[in-house]
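Features as listed in TrEMBL:
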type	residues	note
REGION	1-50	region 'Disordered'
TRANSMEM	67-89	transmembrane segment
TRANSMEM	109-130	transmembrane segment
TRANSMEM	137-158	transmembrane segment
TRANSMEM	170-188	transmembrane segment
TRANSMEM	200-216	transmembrane segment
TRANSMEM	222-239	transmembrane segment
TRANSMEM	246-265	transmembrane segment
TRANSMEM	338-356	transmembrane segment
TRANSMEM	368-392	transmembrane segment
TRANSMEM	398-420	transmembrane segment
Amino acid sequence: MSSSSRPRLRPWTCSPATAPGVTPSPTPSARSTTTGGPEPVTTASPTKSGFDARSFSQRLTSPVAPYYLLLGATTLLLVFGLIMVLSASSVTSYAGGHGSAYAVFNKQAMFAVIGVIAAVIAARLPVAWWKRLAFPIYGLALALQMLVFSPLGVNVLGNTNWIRVAGFTMQPSEMGKLAIVLICAVVLERKRRHLARPKHVLIVLVPMVLLLLGLVMAGHDLGTTMVLALTAGAVLWVAGLNWKFFGGALAVAVVALGAAVKFSGNRSARFDAWLGTCVNEHTAGCYQKVHGLYAMADGGWWGVGLGASREKWFWLPEAHNDFIFAIVGEELGLPGTLAVIGLYAVLGYACYRLIATSKDFFVRLATAGVMAWILAQAMINIGSVIGLLPIIGVPLPLMSSGGSALVMALVGLGMVISFARNEPECKAALAQRPSMVRRTLAVMPTHRNR
């Protein structure tokens with residue numbers, strides 16, 4: 001779909017002949033029924049219990065669809081994630097010295113509250129503010145990422161990409177994802193006239209991207225580096241850069257990825273396990289993969305029931321984090337896993353609609369970046385759990401335990417929600433709809449004086 005195209009205007013939003021939100025009166029027939037003329041022709045309408053495919057399609061393509069779909073899918077994933085974190089972490093939380101089965105959940109819930117507040121603020125910011133914030137956020141992300149190499153840095157499972165401040169650990173590379181989205185979108189918008197000559201754009205943008213990627217990779221976090229690279233690539237693709245650039249970038253990425261795997265014993269073992277060298281769970285690099293598949297297999301079609309996972313009893317490492325999707329499959333079966341995948345698909349569709357209909361070049365690029373960030377990370381995580389990809393170690397967005405990842409994902413989606421609600425057609429349609437208070441009062445009974 002062309003970036004300048006617009007969906008057909010719907011009668012509940014606006015039309016050329018009527019004021020926004022006003023339903024036009026039916027056109028009178030050419031001859032009145034009182035004079036003996038023919039009855040007006042009526043069309044059959046579907047029953048209330050039936051499914052109206054046309055109405056459903058119209059709602060999916062309406063100007064307010066991206067706004068409501070983003071809001072709904074984000075909320076459902078967040079709530080679903082909190083429930084699964086509680087289920088997956090209860091055993092290890094109680095036995096890990098916390099003295100409570102709710103310790104990990106309480107911490108995740110606290111970050112969820114912080115993230116929701118940040119997302120609400122982000123959703124209220126106008127587009128111009130995000131353009132102004134791009135360079136400050138990028139600079140802050142670089143500064144925080146450099147701190148991982150200071151005494152504040154913390155090594156977690158071989159990766160030095162965390163810092164500990166006042167008893168809390170945070171992962172600066174999560175802010176780097178938002179920084180990559182904004183800096184790419186702003187630079188490409190400013191250099192839009194030179195996109196036909198990529199060197200004028202890339203000479204500015206590529207060093208900025210590579211600097212952040214290099215700092216993350218220096219901490220041995222290959223998974224986050226891949227997500228950052230895919231995010232930047234998606235923004236460049238939507239900007240319309242020449243395909244030859246992507247061919248060269250892909251070749252360089254493959255060589256760099258091969259070197260990263262070759263010269264790391266841990267990554268090599270995981271890559272070999274992915275290729276099928278696992279004889280049993282005790283083979284190097286196979287334990288987590290095998291027990292993740294055990295969890296999915298135990299769940300079967302319908303799951304063993306919420307909270308009834310066996311693998312979370314110290315069998316599956318990182319059950320509440322990188323492998324939370326395996327616990328979803330074990331406890332809730334195929335319906336649970338399909339629900340999670342479906343919600344990510346809804347997020348992807350909503351972002352696509354916004355990219356396809358927005359006239360603002362910056363909005364299209366930033367939305368594409370957030371879309372790639374969330375969906376690429378989800379696909380890598382789910383692919384690792386079910387064995388389609390080697391285990392790389394990235395969390396499932398909005399669902400895995402982890403404060404930094406949760407807060408920044410909510411901020412990124414809050415930004416896209418702000419883009420959606422500030423689109424002219426969506427803004428006009430929302431303005432015509434009654435507030436929640438008015439809708440509530442409308443159904444309350446009125447007391448008449450007798």
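Glycine residues also receive a Cβ, built from the backbone N, Cα and C atoms like all the rest.
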**Asked** Restricting to the same chain and to residues at least six past its boundaries, which positions have a Cβ under 8 Å from a Cβ of the transmembrane segment (368-392)?
**Response** 177, 180-182, 184-185, 222-223, 226-227, 230-235, 237-238, 267, 270-271, 273-274, 285, 288-289, 292-293, 296, 322-323, 325-326, 329, 341, 344, 347-348, 351-352, 355, 400, 409, 412-413, 415-416
**Asked** To the transmembrane segment (170-188), which of 67-89, 109-130, 137-158 is linked by the most Cβ pairs under 8 Å?
**Response** 137-158
**Request:** Check the transmembrane segment (398-420) against each of 67-89, 109-130, 137-158, 338-356 and return whichever range has the most CB pairs under 8 Å.
**Result:** 109-130
**Asked** Which of 67-89, 137-158, 200-216 has the most Cβ pairs closer than 8 Å to the transmembrane segment (109-130)?
**Response** 67-89
**Item:** Recorded stretch that, among 67-89, 137-158, 200-216, has the most CB pairs under 8 Å to the transmembrane segment (338-356)
**Value:** 67-89
**Prompt:** By Cβ distance under 8 Å, which residues at least 6 away from the ends of the transmembrane segment (200-216) in the same chain are close to it?
**Reply:** 138, 141-142, 145-146, 148, 161, 173, 176, 179-180, 183-184, 187-188, 191, 194, 224-225, 228-229, 232, 241, 245
